[in-house]
Amino acid sequence: MPWIQLKLNTTGANAEDLSDALMEAGSVSITFQDTHDTPVFEPLPGETRLWGDTDVIGLFDAETDMKAVVAQLEQHPLLGAGFAHKIEQLEDKDWEREWMDNFHPMRFGERLWICPSWRDVPDENAVNVMLDPGLAFGTGTHPTTAMCLQWLDGLDLQGKTVIDFGCGSGILAIAALKLGAAKAIGIDIDPQAIQASRDNAQRNGVSERLELYLPQDQPEAMKADVVVANILAGPLRELAPLISVLPVTGGLLGLSGILASQAESVCEAYAPLFTLDPVVEKEEWCRITGRKN
């Protein structure tokens, strides 16, 4: 169905108040957007970190009387009569279909392809992971996921056990299994991610070799030959004591979700127990790998 969009500009400090005002005026959803396209990285849990100059965008049903909406908003103390705004009619689109049409098979390293479950594989003889991301992250399109997939593709995983810490869609754990790992363990704090991983594992015929846990349910003294964690720099630093004990002696560690500017602090957290390789960078992100001492 078609929609009407109302956009207004404000400061980050006032964005939440104006979001509430738009919802009270009948908006069905709110989007915060940086006026100047400045990225915001790594908000704290539960935090909505906003920009100094923020566009607040309300989405309204096409039948909404926008003159009445504007009149109501003019009564808000942060806006007033004649406040600056922009109203647009949005064309009707099948957004899910548009997203699916833009998700194409991607190659990582020498052997590995990530393929949308609704498309044909480009190479039947390759290692093909059929993926439906569902509600969890992890399609291979982000540089951090891509670097982790390339790293796994370059390893000899035959008969190995792999832990995917923060498994999301299960893409890394499933890729490891398809690349020869005997067993993979996925851990995530989000039950939706656990379900997406389970569904994708079944789609790829590896569900019997994949164990999935919420953190509170994971077995004690869990160990693996290879541990990969594609989360964020803050949690990687904070969880270093927990993650560092997961690889066996001589086991391998791969970390990503890290901005290049954060690499040094993450390396410092893991250097006491690992011999670290040179940091690999892709765009503004990086990957840290090493071997357990």
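For all residues, glycine too, the Cβ spot is worked out from N, Cα and C.
The S-adenosyl-L-methionine binding site annotation in Swiss-Prot covers Thr145, Gly166, Asp188, Asn230.
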All-chain count of other Cβ atoms within 10 Å of Asn230 (S-adenosyl-L-methionine binding site): 26
Secondary-structure category, per DSSP, in which Thr145 (S-adenosyl-L-methionine binding site) falls: helix
Recorded S-adenosyl-L-methionine binding residues, Thr145, Gly166, Asp188, Asn230 - maximal Cα separation rounded to whole Å: 16
Secondary structure at Gly166 (S-adenosyl-L-methionine binding site), reduced by DSSP to three states: coil
Thr145 (S-adenosyl-L-methionine binding site): tally of other CB atoms within 10 A of its CB: 25
